[in-house]
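Undergrad: One structure is given below, represented as structure tokens, and several questions about it will come after.
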């Protein structure tokens, strides 16, 4: 272990080059497969050249949402079609903010000299961009591959390219994750007034997808152009980036700030924030509040707003509200589309109501809507949630005959179901089929298989799958995948693999999140590296992440088990200051350690705090503290026994799972018969069974030798005065 510590003096060194991100990176079944996000308008939908009807057809064909690449490609296409406008913009920039000398006429002849000195070029005139699209694309490609001074190359290309070309360069740098160049190009565009709402919205969107939403927010806050800052495309992109990154409350706060600064939200904005409500407490009430706000602005709910609302109801399990909204939508003249039925199917899948899901599917078919992958996947999930794997398999096998061949999402769904059902061989077969059909398995599929094989202890298979990932051109840029791989290597105890994974995260600029730190804390504790685990916890807090139960539990338990009671108690108090509600296991581990150290007062204080919080102690914990309090010679400790038993139903419930003879034997061994009487009287009042263990006969024998007739009578169940007297006289 010494060498390992040399490799990792502090967890801060592991992430020194990776920016932090507060995105939710633990494997989320809702995010990946089980509950797809409500379909929203693409940003491209807001442009005048986009046909809303085509979007509805797009979703009805089984797609849940446009990818980032689709959004960007659509935007670039529109930019290419407006080349004349861009060249006009180039003329304006070339001429300066005051206008062209060839078009402006001085007021009088006497002003000619002053006018010329004001409007004449102070630098050599350069020709306006007159290159073909192919020539301009070649210049962009050269900038993309520039390995020398990029800023010099940008200055040379300034008058040869239109703003959309620089936006395309920025997009390609973002997609290829060349973060060092992204910052240079973005700042250059801003300084040289080449930044447009279109390129800025693409920048914000892609930074959000990369988990770097804080950089997108920083870029937005740094804007000095008020028109650009209040542009609806830019504002919508910012809100979507924050929501995709899991910063829901931050998105809501920014939304209110935008409105106060003059931002005019449209239907796309509201469909975005309403869909985000599904990820927070009080989702339905919050969403309906936004609906009322829409009405006050003269906006009526459309098919996308209803889709978001149904998604909120599905995630919240509100059947009545969902069905009422579905009927209201039809009453308002909106014909249900496939993406309106999908949330209902997902809701019943989560509630394990396959019969209700079948009813929704029948209604879908009666409506004459074409089958698509999303609908069939939702029905399959309902069967899977009820353990009907073979029913789901039947639909999967019939999909080709239904003119709806299974795609990557369906394969992922089936592989996940097979792994959870222990049918790993069938999952592996589907995985191999995906590769044979050139259907590239997504990161989620790899995460499922890596996690499954790690639990089975198949380290060789895990390593093999990881090498496959490394060799893919897509890379491992998904933080959820990195966390799955990291956790699997930690469970297998592969220190070198853990270190290499962390280095790979740095290389690909994937930000560690709270889940990453929690995985490492647990791993270091299991390896006995408590000092590094503590450093990792401090690093987590230094990066402004809020620690949770998984951040503290491994450390507190390991400190308690190794006799470091003071440190364990300190961390337990700190966790409560952070708003963490310790579990019974965590709290009892500290109380047990305090009992072992004979620190009764502190153990009793923690017990009371735990009980007052409504947390029932573990049977072993109550047993330990009762023994310590009842066998201590101090008379005050008998009062503690009374208080421990005074928790009534809680103590009764816990003691019912304890062999009380163990506690009584400890009392008898030390000769503390008063404590025995208190405990036996409590068992009588609560009608508890004392129970017998291996030391029962020895206990009875010792009590007879010491002449404890009254206790013997209580133990034998003779609670009447006559029986007690008879038992005493017999001795």
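Even glycines carry a Cβ here, placed using N, Cα and C.
Got these off TrEMBL a minute ago, pasting:
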REGION    69-111  region 'Disordered'
COMPBIAS  99-111  compositional bias 'Polar residues'
REPEAT    231-265  repeat 'PPR'
DOMAIN    248-396  domain 'PROP1-like PPR'
REPEAT    266-301  repeat 'PPR'
REPEAT    302-336  repeat 'PPR'
REPEAT    337-371  repeat 'PPR'
REPEAT    372-406  repeat 'PPR'
REPEAT    407-441  repeat 'PPR'
REPEAT    478-512  repeat 'PPR'
REPEAT    513-547  repeat 'PPR'
REPEAT    548-582  repeat 'PPR'
REPEAT    583-617  repeat 'PPR'
Undergrad: Pop the mean pLDDT for the repeat 'PPR' (266-301) in here, whole number is fine.
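TA: That region's mean pLDDT is 88.
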Undergrad: For the repeat 'PPR' (583-617), could you work out the same-chain residues 6 or more beyond its ends whose Cβ comes under 8 Å from its Cβ atoms?
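TA: Residues packing against the repeat 'PPR' (583-617) from afar: 549, 552-553, 556-557, 560-561, 563, 565, 568-569, 572, 624-625, 627-629, 632, 637, 640, 643-644, 647, 650, 653-654.
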Undergrad: Mind checking how the repeat 'PPR' (407-441) divides into helix, strand and coil residues in DSSP?
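TA: Residue counts in helix, strand and coil order: 26 helix, 0 strand, 9 coil.
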Undergrad: When the domain 'PROP1-like PPR' (248-396) is classified with DSSP, how many of its residues are helical, how many are strand and how many are coil?
TA: 114 helix, 0 strand, 35 coil
